[in-house]
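Colleague: The structure follows.
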Amino acid sequence: MTAAPARLRIDRAALTANWRALRDRAAVACGAAVKADGYGLGAVEVVRTLAAAGCRDFFVATWHEAEALAGLGVPVSVLHGVRDEDMPAAMSGIARPVLNTPIQVARWKAAGGGACDVMVDTGMNRLGVSPDEVRTGLLEGLSIDTLMSHLACADQDSPMNAAQRSRFAALQGVTTARRMSLANSAAIARGRDYAFDLVRPGLALYGGVPCDALAGAIAQVVTPEAQILQRRTVRAGETVGYNATWTATTDTEVAIINLGYADGYFRGFSDRGSAAGGTLPVIGRVSMDLVALDVSAAAALAEGDWVAIDFDLRAAAGISGMSQYELLTGLGSRVERCWQ
Ligand SMILES: *Cc1c(COP(=O)(O)O)cnc(C)c1O
């Protein structure tokens, strides 16, 4: 196949280092959330990399995602549990369901399903059975590997964190679950109290920094790169791009690169993004397939050359108005994933 004119450079060593840093901070077993195709990096390669480092717990959202990992020989949990439609895949044993509702629990019991995980809702009111349902015996008869819950506000200082933590801790010993798990990336930074037996980071593995406490501990993993399609001189007074939002105040060297919002370089980067360590500012609107850079600082850059887009996730989220999660999962399929 023809090489794509845009690629995502993925730093395998940084991914592994981030997993180790999170595991060491939590000081308990450390899994990995690899839903949404490994947050856009490619779940199969993420799993291969982290399994080689010793990771033994992987989390996806759906059975379709679990099927993509079958054959890698690693334990996978499916966060959305089991619908009727999922039962053939679930009974085939490729992964464990995370049961979220009394109906899912009944479905799993009726089918004589084996090991499972269970999500308890401790206050987020998204997914999970209630602590009362757990106390009144809903889970009796299940073979539970991991009892888990999820924090609504892990990335901010909120009284909800301690409240959810204590509701969860109160369930210790109430079920036959082998392990308890509460913490995503941000919750790992809240301290050992939040770690229980297993932590489940996603974002921070991939270079996201959800809170100040993790700044400095997490390395950048992904860098989009794009090829220059045309270099031109834009004369003073001329404009660049859709709706002519950018006007040259002086003769300006401009490079048009093979990247746009259809690739996940969203319109929020218009006039605000940059490449090559801040030396090449984005000018004008980001188009579907193209971005214009002011390359006055780079006399040697020519048609066909590659430029690296500035993509420190925290900074990129700040300037684009997107979340770090959206920036990762929005990276498009035209951008070739290149593991290094
Ligand atoms: C996505 C997810 C995680 C990982 O969260 P991050 O914020 O990306 O670290 C952990 N647990 C559950 C239940 C999730 O849905």
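From the backbone N, Cα and C atoms, a Cβ is placed for every residue, glycine too.
Grabbed the feature section from TrEMBL, which reads as follows:
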MOD_RES   Lys35  N6-(pyridoxal phosphate)lysine
BINDING   Arg126, Met288  substrate binding site
DOMAIN    221-340  domain 'Alanine racemase C-terminal'
Colleague: May I ask for the distance between Met288 (substrate binding site) and Lys35 (N6-(pyridoxal phosphate)lysine), taken between their Cα atoms and rounded to an integer number of Å?
Modeller: 26
Colleague: Hey, what's the Cβ neighbour count for the residue listed as 'N6-(pyridoxal phosphate)lysine' at 10 Å?
Modeller: 19
Colleague: In three-state terms from DSSP, label the residue listed as 'N6-(pyridoxal phosphate)lysine' for me.
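Modeller: Helix, per DSSP.
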Colleague: What does DSSP say about Arg126 (substrate binding site): helix, strand or coil?
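Modeller: Reduced to three states, the DSSP call for Arg126 (substrate binding site) is coil.
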Colleague: Sorted by position, what residues of the same chain at least six away from Arg126 (substrate binding site) have a C-beta under 8 A from it?
Modeller: His150, Ala152
Colleague: Using a 10 Å cut-off, grab the number of neighbouring Cβ atoms around the Cβ of Met288 (substrate binding site), all chains included.
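Modeller: The Cβ of Met288 (substrate binding site) has 10 Cβ neighbours within 10 Å.
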Colleague: What is the number of residues in the domain 'Alanine racemase C-terminal' (221-340) that are helix, strand and coil, as DSSP sees it?
Modeller: 23 helix, 41 strand, 56 coil
Colleague: Looking at the domain 'Alanine racemase C-terminal' (221-340) alone, can you tell me the average pLDDT?
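Modeller: A mean pLDDT of 98 is what the model gives the domain 'Alanine racemase C-terminal' (221-340).
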